[in-house]
Each structure stands twice: as C-alpha cells, then as structure tokens.
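A.B. asks: Feature table excerpt (Swiss-Prot):
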- 116-311: domain 'ATP-grasp' (DOMAIN)
- 142-197: ATP binding site (BINDING)
- 265, 278: Mg(2+) 1 binding site (BINDING)
- 278, 280: Mg(2+) 2 binding site (BINDING)
C-alpha cells in the first residue's frame, strides 16, 4: 500500500553521498543540544554505511574540511554560526554541498524580527510585536500590546532567554535578561490556546504535532529534559483545520525559502485562528525532538529521516 509520504525516502546508494562531514557542537548557546543531535545523526549515518567524519565545529574547521577531503556536509549546528547563514556561506565558498536551507533562508529564519516582517508583508498571521532597546520601549510596548506578553532574544533558539511577563516591571526585567543573549530583543502578544509544531521534509509537510506542557510555555526544559511534556499525533484538529494548518505551514516556509527540512511553531487562539511564531532550519534531533516524531508518523524511522535529509542535498546542490 502506497503512502503520500513514500517519495520522502532516499533511493540513493550511500556511496552517492561521498565523504560526509557532520557539523555539530559549535560555540552557540545551543551547543549542548547540538552535541546530542550530532551524536544521533552520526550514529544513524554510520550504521547506514555512510562514510562519516564527525566535526565538532571550532577554530580549525576550515583546515579540517580541506584536509579530510569532504564531499558533503550535514549541518546539525543549532543557533548562531551554524543556522544563521554563515556556515552555509562558508560551504558555498568551498564548493561543498550541504543539507538544509541556503544562505538567505537560514539568515532570515534565524532573525525572528525579519521573519515576522516577511510574513506580515504577505498577510501571513503572526502575533503583534515590538522591539525592545530601552526601558522606554518596555513602557510603550506595555501600552500598545497589553499583557500577558512573551519576551524573546531575536536570534536565539531552543527558547533560550525567553520569558512570559504579566506586568511592566516583569517586562523590564525580562528584557534585561534577554539582552544578555542578544542586542535585539522582541516582545510579542501572548496567544492563549494550544501550540502545534509542524515539520517539513523535502518540500512536504509532515503530520502536525500538538504540544502540551505543565510549564508556562514550551521552554528549554520542556523541549529537552522534562518527561512530562505531551505530544499528540494525530494532533486533534478536525480535517478542515488540520489542512488549513498544513497549507499555512507550506505558505510560510515558501515565503522564507526553506529547503530540505525544517520545523514551524504555531499557536491557535481561542477563536481557532492560527498564529505563526517562528521557523527553525536545523531543528533538534535528540531523543526529545519533534522532527523525528513527525517523521515516524509519516513512516520514516530515524535512519531513514537522516538519509532523506542527506539525499535532498544531492537533489538540490549536487
């Protein structure tokens, strides 16, 4: 029996990938998550027979890429230096094909403000927001947006530096904390309602996942540590709303230029409307991660998932 997801599978012989550098670790605030993701990807590719070179990205990266005679790179770096277009630019200069989105889409997706501006320009729903650079900005945002609000560093992932606030005093404190991670800080309207995450792979939207957590929101602990986070596949939406969510995901990813794979985070408000939060171009691949869960629901085990991501780099970049 055929499935709508059958075309996601890699049909390539592993020799077609050549010598593959798995780029992980790095120096961003998400290093620990990337180390776990990288270890899982390395194990899966190695067991599939791929010629893998594991590279914990540091100051010797350029020399290692050249000395190891790398044919292709699997980017599983999270955050700055790996997910923001800079690594993609380096690999383009070296002529090394790589997984995932290109330079522009990676840079856009890593910048929450620019992502929102692109979506807004196309009429794609995303929560109202303001940029915080001073206590005066906090006062103005409080008056304009009301409470509750959520504060976010504009260029961090894994919910690092994020906080929900219910007063102007809390907003000022959260802005100061977020500013330790990023010179640009966003504050958004808090959306009351369920949260969904939707993975995309090789141009296809995978089954949406509904998230539930006893935490205030789906924070770092809920994502990577806690065992009380709830994941629901099927997501519980009726067929019409689920298709609306899938179509919105495809449109939002196309607007940013997402390639290969990624993951979109979405809220649904009390009126049933969807609001896009952000998109990740190199999502987590740990034992708590969401893309592997969505892939399983689409009929791909973890090894098949990483081979599909790698195969897409052959299709798009040779």
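Every residue gets a Cβ built from N, Cα and C, even glycine.
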A.B. asks: Give the three-state DSSP assignment (helix, strand or coil) for residue 170 (ATP binding site).
C.D. replies: helix
A.B. asks: Cα-Cα separation of residue 163 (ATP binding site) and residue 278 (Mg(2+) 1 binding site), in Å?
C.D. replies: 16
A.B. asks: What does the structure give for the C-alpha distance between residue 156 (ATP binding site) and residue 278 (Mg(2+) 1 binding site)? Integer Å is fine.
C.D. replies: 11
A.B. asks: So for residue 184 (ATP binding site), how many other CB atoms are inside 10 Å of its CB?
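C.D. replies: Within a 10 Å radius of the Cβ of residue 184 (ATP binding site) lie 16 other Cβ atoms.
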A.B. asks: Validating a neighbour-count step here. Other CB atoms within 10 A of the CB of residue 177 (ATP binding site): how many?
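C.D. replies: Around the Cβ of residue 177 (ATP binding site), 15 other Cβ atoms lie within 10 Å.
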A.B. asks: How far is it from residue 142 (ATP binding site) to residue 280 (Mg(2+) 2 binding site), counting Cα to Cα, in Å?
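C.D. replies: Between the Cα atoms of residue 142 (ATP binding site) and residue 280 (Mg(2+) 2 binding site), the distance comes to 28 Å.
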A.B. asks: In three-state terms from DSSP, label residue 265 (Mg(2+) 1 binding site) for me.
C.D. replies: strand
A.B. asks: By a simple count of other Cβ atoms within 10 Å, which of 149, 191, the binding-site residues in the record, is least packed?
C.D. replies: 191
A.B. asks: Of the binding-site residues listed here (265, 278, 280), which is spatially closest to residue 184 (ATP binding site) when Cα positions are compared?
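C.D. replies: Among 265, 278, 280, 278.
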A.B. asks: For residue 265 (Mg(2+) 1 binding site), which of the listed binding-site residues (149, 191, 280) have their CA atom within 10 A of its CA?
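C.D. replies: So the list is 280.
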A.B. asks: According to DSSP, which kind of secondary structure is residue 280 (Mg(2+) 2 binding site) found in, if we only use helix, strand and coil?
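C.D. replies: DSSP call for residue 280 (Mg(2+) 2 binding site): strand.
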A.B. asks: Quick one: what's DSSP say for residue 149 (ATP binding site), helix, strand or coil?
C.D. replies: strand
